[in-house]
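J.: Sharing a structure with you now.
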Amino acid sequence: MIKPTPAAVGSYVTRRCDRLFKSAAAAAGSTVVAAILLIAIFLLLRAVPSLRANHANFFTSAKFDTTGDKNLAFGIRDLFMVTVLSSICALVLAVPVAIGIAVFLTQYVPARLSRLFSAMVDLLAAVPSIIFGLWGVFVLAPKLQPIAVFLNHNLGWLFLFKQGNVSLAGGGTIFTSGIVLAVMILPIVTSVSREVFRHTPLIQIEAAQALGATKWEVVQMTVLPFGRSGVAAAAMLGLGRALGETLAVLIILRSAARSGNWSLFDGGYTFASKIASAASEFSQPLPTGAYIAAGFALFFLTFVVNAVARAISGGRVNG
């Protein structure tokens, strides 16, 4: 009988460990997928009875009345409007600033200072959202009131700046919440953009410099084109963060007695803040299911946004 050599035994053990590790990794990956599916199924199952009992159009109605099982009439029109408008406002404000910071940190600042400034930007992500909300209400809103009045008086013919459904005096508008959200998503967009710009091939930068390009021309011809898809992915990740923000928006936005009209000076609720505001009343199944239906809409919206971000970042880095 031929005995296996130590090398053969070692090879068998290695292959067995590889199979075990592969199985463990596959199980871990499957757990994530299963968790997402289970959450979606839970939301859908709890939402369906309320959707069947709903007396309003779920997608087009601005009414959200859950006072009783027999009087359910709820829709997500206003929730969708406030959520999307405040998030898009945040994105429009945050992305240019984030790109500027990322270019500054990777192309203009020495490595030691770049690490210091990067840590300070990343530290912004550690600030609790309730602090941002309080800052928005007590500090930012009063400062923004003259700007809001100016925009409303001079650009009121444009739907974004016409009079909303809440008073400009209080500052509890989408305009204020959008700016606060812009500050909150700034670290995410900056961090991803910074890492993308940092991996710009040195040969491309040196080639541009050899042609006599200035620092800005180097950035314009090499760094920005290379990081185009990375910045787009960073923006989508920031958008996903803004869509799901709850506490800061709940503190800032004023409730409105009438429907919004796609103005930055509207008030109301986002999906997340509406659910959070009624969390203490989740006792009856059908009214609770109405909020769960809104949560499912938010879940689907954020899932799509993050899937798009993943698809963009999975493509060529230089677009």
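Quick reminder: no glycine exception, Cβ is built from N, Cα and C everywhere.
Sharing the feature lines straight out of Swiss-Prot:
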type	residues	note
DOMAIN	80-309	domain 'ABC transmembrane type-1'
TRANSMEM	25-45	transmembrane segment
TRANSMEM	84-104	transmembrane segment
TRANSMEM	120-140	transmembrane segment
TRANSMEM	141-161	transmembrane segment
TRANSMEM	169-189	transmembrane segment
TRANSMEM	233-253	transmembrane segment
TRANSMEM	289-309	transmembrane segment
J.: Taking pairs 6 or more apart in sequence, does the count of Cβ pairs under 8 Å between the transmembrane segment (169-189) and the transmembrane segment (120-140) hit 3 or more?
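T.: Counting Cβ pairs under 8 Å (6 or more apart in sequence), the transmembrane segment (169-189) reaches the transmembrane segment (120-140), since there are 3 or more.
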J.: For the transmembrane segment (84-104), give me same-chain residues lying six or more residues beyond its boundaries with a C-beta closer than 8 angstroms to one of its C-beta atoms, as numbers and ranges.
T.: 121, 174-175, 177-186, 189-190, 193-194, 196-197, 219, 223-224, 231, 234-235, 238-239, 242-243, 249, 262, 264, 266, 270
J.: Can you name the far-off residues of the same chain, 6+ from the ends of the transmembrane segment (141-161), with a Cβ under 8 Å from a Cβ of it?
T.: 168-173, 175-176, 179, 252, 261-265
